[in-house]
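Going by Swiss-Prot, these are the annotated features:
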ZN_FING   2-33  zinc finger
BINDING   Cys6, Cys9, Cys25, Cys28  Zn(2+) binding site
REPEAT    185-269  repeat '2'
COMPBIAS  566-576  compositional bias 'Basic residues'
COMPBIAS  639-652  compositional bias 'Acidic residues'
Amino acid sequence: MTGRVCRGCGGTDIELDAARGDAVCTGCGSVLEDNIIVSEVQFVENSGGGSSAVGQFVSLDGAGKTPTLGGGFHVNLGKESRAQTLQNGRRHIHHLGSQLQLNQHCLDTAFNFFKMAVSKHLTRGRKMAHVIAACLYLVCRTEGTPHMLLDLSDLLQVNVYVLGKTFLLLARELCINAPAIDPCLYIPRFAHLLEFGEKNHEVSMTALRLLQRMKRDWMHTGRRPSGLCGAALLVAARMHDFRRTVKEVISVVKVCESTLRKRLTEFEDTPTSQLTIDEFMKIDLEEECDPPSYTAGQRKLRMKQLEQVLSKKLEEVEGEISSYQDAIEIELENSRPKAKGALANLSKDGSGEDATSSPRCEEDTEDEELEAAASHMNKDFYRELLGDDDGSEAAGDPDGGSRPLALESLLGPLPTAASLGISDSIRECISSPSGDPKDSSGDGELDLSGIDDLEIDRYILNESEARVKAELWMRENAEYLREQKEKEARIAKEKELGIYKEHKPKKSCKRREPILASTAGEAIEKMLEQKKISSKINYSVLRDLNSKGGGSPPRDDSQPPERASTKKLSRRKRATTRNSADPGTSTGKRLRPLLSAQPAKKAAVGEALLLSSPALGAEPVKPSAVLVESGPVPYHPEEDADEEDAEDEDGEPCVSALQMMGGNDYGCDGDEDDGY
């Protein structure tokens, strides 16, 4: 029972069936309601043990499709791979779209394109950044936003051709017809970057008018819109007295200089370029030009046809020239006088040759004849120059009948100095002294003799020319002057703050004079004087060492070996006694360097051999212990001087190197060796 009343009978006994969703009056049987919708929230348990609300909308990329381990395990396995891909794609699209300043509608459209690419597996094997950039550029093309593919390439630092390849693939696979880009979309953007100031709108409108004219003349199809925009903006800026250089326009529209100049050249070939500024702003030509590619093809075809016609005419002219040349050669052959003497013999020899010889042999024969004729002609010419008279020639040449023809008889009269008009010049050259050199030690003044005053006046600029040249120089070096001015201002500011550091002038390196020496030793000595190898070497001691080693007396080989050995043994005994009496001296001798030269070494070897011989009856000497020097060897010149005086008083031979190094004590005193 409910509080509702039946509209048919007025009864209140109404039965509600929640399963069928209807309300029926039990009195009259009329159906009061059917398909009753319950507004309460119901939950359904799924197969995994989780619960979900009934009637809740779950999107394709929503969180409702996340798998779980069931109600007993509250551990989430995470999203599917495709859900993660879509989420990352949305994040990257919003990031790039914010940098390009795209609205939310464009971003949603780009994300829909990305979902279509993911569903068709177009992202496999391609970087996500490339696919996202292609989707954004698809939106820019379809929505008509002033963005270029080069902008996305700059943001991603990717080659523009790689992005273009991905864009074409997506457009083909997704069946999206991207419309052609209208260059007029980029004019306001580029005009704002070129900073035209108050005339920005006027320059933009003029550039748009130029672009419309280019589109009518078929310059738009197949061309990048940035190149057309750059050419239109450059012309519009010049029309409104703005000096925008080609480099400035290139830096804004992102095209190379050759492309911009090519667009200007193509526009120059149209009839619109022949109009003045006022005529262009008022008149619209109805006729359209042919596309530049078609015009270039027709020009190439005409050039090829013209080359063919010229080649045919050239062949005809060459045939006529060859016929004329043959006729001239025949006439010259007939008018040539008969040769005598050596030339006649040569002609007879040539006529006696076989007529069936090859053309190459005939050419060789003609060359030989010409050489022989030239040699005879040169002889006659030299004789005329030397002034030989006919009498002397006759006396010098007894066989005058066999003399060949003169040069005049063959070639006619030769040109003389008078006929050439150079006789005066030759006379001046002969009369002027050739050996007097010109005085080169002048007083610094220019020799202007022979130069006209008008020519000198042309070298000097007047005021207007100097002013124009100065303006040209200032315009060409404006950037350098601006940099110098900024540099001076920066230096002045640093000087005021006290942080300026003056650069020390570079010292000029003087070239050392070469070492002049007659021997290698002298050169080394001079080199050591200029630059010492080490500051720890006493070079004076080295000089004394060289003088002592070079001046040591040689051994007397004529002395009997027994006497020499006796003296050396006595010297050894005396030295042993002295060393045993003064152990400090022995230790000092051990530390002394080897000061003797090569002869002293040889003497030490000889003494060692004599001491080791059994005939003398001396005891065998034990092998000396190895000395290890732990530092620099001290040198005592006073002790060496005392020893040298003592040796001179005894009148005995020089002390050997073994004795100077304390070799007589090696292996004998164990106490001294313990110190090393």
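Keep in mind that glycine also has a Cβ here, set from the backbone N, Cα and C atoms.
Per-residue pLDDT, averaged across the repeat '2' (185-269), gives 87. On its own chain, Cys28 (Zn(2+) binding site) has Cys6, Gly8, Cys9, Gly11 as residues at least 6 apart in sequence with a Cβ closer than 8 Å to its own Cβ. Assigned with DSSP, the residues of the repeat '2' (185-269) fall into helix, strand and coil as follows: 65 helix, 0 strand, 20 coil. The Zn(2+) site is set by Cys6, Cys9, Cys25, Cys28; from the centre of their CB atoms, other residues of the chain with a CB within 8 Å are Arg7, Gly8, Gly10, Gly11, Ile14, Thr26, Gly27, Gly29, Ser30. When Cβ atoms from all protein chains are considered, those within 10 Å of Cys25 (Zn(2+) binding site) total 21, not counting its own.
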